[in-house]
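Below is one structure, written out as structure tokens, with a few remarks after it.
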């Protein structure tokens with residue numbers, strides 16, 4: 001599966017363009033521009049599985065650092081503050097990782 005099987009390549013490019021500079025990544029804006037926020041809960045969970053590089057069922061800070069690169073390999077890494085902010089926005093139970101349900105909740109919030 002490729003991310004472009006579920007999201008438009010043009011929408012992904014536009015979303016990445018908006019946050020190409022360090023410390024400009026805003027999750028909600030990215031989810032809207034990329035089209036993620038318009039997807040059903042099950043479609044968002046499919047995207048989550050694509051982002052979950054080690055297939056652990058969770059996203060940890062190391063995976064979040066490379067979040068944008070899961071959408072396009074040439075994209076930049078998230079900064080440490082962006083990574084921590086993304087974790088804080090989604091980690092509702094405070095276990096230091098983001099599950100599929102938490103990710104889906106964040107995308108649709």
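Cβ coordinates are placed from backbone N, Cα and C, and glycine is handled just like the others.
Over in TrEMBL, the protein carries these features:
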| type | residues | note |
| --- | --- | --- |
| DOMAIN | 39-74 | domain 'EF-hand' |
| BINDING | 52, 54, 56, 58, 63 | Ca(2+) 1 binding site |
| DOMAIN | 78-109 | domain 'EF-hand' |
| BINDING | 91, 93, 95, 97, 102 | Ca(2+) 2 binding site |
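TrEMBL feature annotations superimposed on the structure.
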residue : record                : Cβ contacts under 8 Å, 6 or more apart
52      : Ca(2+) 1 binding site : 58, 59, 63
54      : Ca(2+) 1 binding site : 63
56      : Ca(2+) 1 binding site : none
91      : Ca(2+) 2 binding site : 97, 98, 102
93      : Ca(2+) 2 binding site : 102
95      : Ca(2+) 2 binding site : none
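Residue 102 (Ca(2+) 2 binding site) is surrounded by 19 other CB atoms, counting those within 10 A of its CB over all protein chains shown.
For the recorded Ca(2+) 1 site, residues 52, 54, 56, 58, 63 set the reference point as the centre of their Cβ atoms, and the other residues of that chain within 8 Å of it by Cβ are 53, 55, 57, 59, 60, 97. Listed in chain order, the extra residues whose Cβ falls within 8 Å of the Cβ center of the Ca(2+) 2 site residues 91, 93, 95, 97, 102 are 58, 90, 92, 94, 96, 98, 99. Restricting the average to the domain 'EF-hand' (39-74) gives a pLDDT of 95. Each residue in the domain 'EF-hand' (39-74) gets a DSSP state, and the totals come to 19 helix, 2 strand, 15 coil. A sphere of 10 angstroms centred on the C-beta of residue 63 (Ca(2+) 1 binding site) encloses 18 other C-beta atoms. Counted within 10 Å of its Cβ, the other Cβ atoms near residue 58 (Ca(2+) 1 binding site) come to 18, all protein chains included.
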